[in-house]
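Features as listed in TrEMBL:
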{"type": "BINDING", "residues": "D23, S24, Y55, G56, N88, T89, T202, H203", "note": "substrate binding site"}
{"type": "ACT_SITE", "residues": "C87", "note": "active site, proton donor/acceptor"}
{"type": "ACT_SITE", "residues": "C201", "note": "active site, proton donor/acceptor"}
Amino acid sequence: MLTDTLPSNFMPSPARGRVLVFDSGVGGLTVAEEIRALGPALGIHYSADSGFFPYGDKSDEALRDRLPKVARRLVEYVRPDVFVIACNTASTLALPDVRAVLDIPVVGTVPAIKPAAQLTRTGTVGLLATPGTIRRAYTAELIDTFARDIQVIMHGSIELVKLAEAHARGEDLPVEAFAAAQAPLFEAPGGDRIDTIVLACTHFPLVRAQLVASAPQPVSYIDSGAAIARQTIRVLPPDTEGRGLGGHAWLTSPPEEAPDLALVLRRYGFPDIQSVADVPIEMTSAPTAL
Ligand code: DGL
């Protein structure tokens with residue numbers, strides 16, 4: 001899927017070690033694919049907070065309470081060398097909270113506003129994310145720091161998250177659904193000048209082709225996936241040789257309650273699906289030493 005987007009001088013990294021990629025649902029698979037392309041010798045595990053999906057419409061309080069607990073429980077199970085939060089909605093809110101309870105490197109995912117500001121020729125950029133990511137102070141700071149002279153038009157869409165999940169399950173969806181999901185960007189004042197859109201939800205690269213096909217004007221859609229893959233390799237501790245062997249997926253609900261998710265995970269190379277739902281997610285003790 002990604003090979004058509006890789007530069008011709010692309011050199012995979014020989015890095016080994018165990019990486020745990022985390023998202024609310026299937027969106028983080030787009031990041032896992034980038035990490036797999038850059039580090040084919042890594043053992044990549046995947047985890048989805050299926051018991052609390054979607055994140056985009058949850059309150060900040062609920063997410064900040066839950067994320068450190070889920071992260072710690074997953075790390076206790078999987079014992080990765082790096083924990084990747086492949087979710088903008090979670091990272092822009094609770095990256096420090098998760099870092100505070102883990103003693104391994106944690107890589108977050110934040111909107112690719114800086115590269116978008118460098119790429120735009122019209123000076124108008126669209127930001128497509130969940131409603132949660134749109135209202136974050138962190139997102140406002142990114143815009144203030146990197147896109148001060150750029151017009152950034154934002155739209156938060158849970159509908160597009162659901163469309164991406166349905167597409168990943170193999171559902172045939174009309175192009176009009178994607179046109180409607182991104183229309184508020186183009187219909188906003190100045191929207192006819194948008195030439196670059198930041199896909200600031202990891203679900204959205206799953207439907208990049210549908211977004212391109214349904215946009216009313218030529219647009220470059222960019223995301224953070226490749227940058228996250230590079231950062232994951234960069235922070236990997238040096239003594240992780242031989243800890244590869246990935247391919248497991250971990251859910252926070254019983255897999256039989258999420259048959260569609262299981263189907264997509266298998267399709268993306270995670271055949272063994274297990275649940276951490278049988279153990280209550282709560283903070284009881286100090287983080288397990290790794
Ligand atoms: N994939 C997540 C993100 O990057 C959000 C999806 C959800 O709403 O759960 O923001």
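Counting begins at 1 with the first residue displayed.
Note that Cβ sites are derived from N, Cα and C of the backbone, with glycine treated the same way.
Note: T202 (substrate binding site) has non-local neighbours D23, G27, G28, T30, V31, A86, C87, N88, T109, D223, G225, i.e. same-chain residues 6+ apart with C-beta under 8 A of its own C-beta. Those same-chain residues not listed among D23, S24, Y55, G56, N88, T89, T202, H203 yet with C-beta within 8 angstroms of the centroid of the substrate site C-beta atoms are G25, G27, G28, P54, C87, A90, T130, T133, V161, C201.
Here the Cβ of N88 (substrate binding site) has 34 other Cβ atoms within 10 Å, regardless of which shown protein chain they belong to. For the substrate site, whose annotated binding residues are D23, S24, Y55, G56, N88, T89, T202, H203, the maximal Cα to Cα separation is 12 Å. DSSP assigns N88 (substrate binding site) to a helix. Here the Cβ of H203 (substrate binding site) has 30 other Cβ atoms within 10 Å, regardless of which shown protein chain they belong to.
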